[in-house]
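As written in TrEMBL, here are the features:
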type: BINDING; residues: H2; note: Ni(2+) binding site
type: BINDING; residues: C74, C77, C91, C94; note: Zn(2+) binding site
Amino acid sequence: MHETSIAMGFLESLSQLLEREKAKKVVKVRVRIGKLSGIVVDSFVFAFDALKGQFKGLEETELVVEESPIRYRCNSCGHEFTVETVFFPECPKCGAVDLKLLSGEELQVIDAEIEV
Ligand SMILES: [Zn+2]
């Protein structure tokens, strides 16, 4: 499963963060996952919980996921808008299809609560 390797990589980077900060554990971590990232949130959370026991200091880490919407800016009129579907988006204001993707592809850490 795709999400398993992403969760594994994410846990490894959290583990490195602990080492760098010389901290005991990560209590809670918040991440933002874009709807275009290709990550199934439920699978990602499941994999995270299944794997975290292998990492010292991450055994009890609480994972909070925020899904970020798909946002575009119209290159024609500058209007910014959010869409639910990725198929053939067009500007709701002027109908242009020349759009710039602003968000939706990210897997990004918002913040982490660390106990030292
Ligand atoms: Zn437009």
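Heads up, the Cβ atoms here are built off N, Cα and C, so glycines get one too.
Those TrEMBL annotations? Automatic predictions, nothing curated.
Among the listed binding-site residues, namely C74, C77, C94, the Cβ with the most fellow Cβ atoms inside 10 Å is that of C74. Other residues of the same chain near the Zn(2+) site, with their Cβ within 8 Å of the Cβ centroid of C74, C77, C91, C94, are N75, S76, G78, H79, P92, K93, G95, A96. For the residue listed as 'Ni(2+) binding site' paired with C74 (Zn(2+) binding site), the C-alpha to C-alpha distance reads 32 Å. Of the listed binding-site residues H2, C91, the Cβ environment within 10 Å is emptiest of other Cβ atoms at H2.
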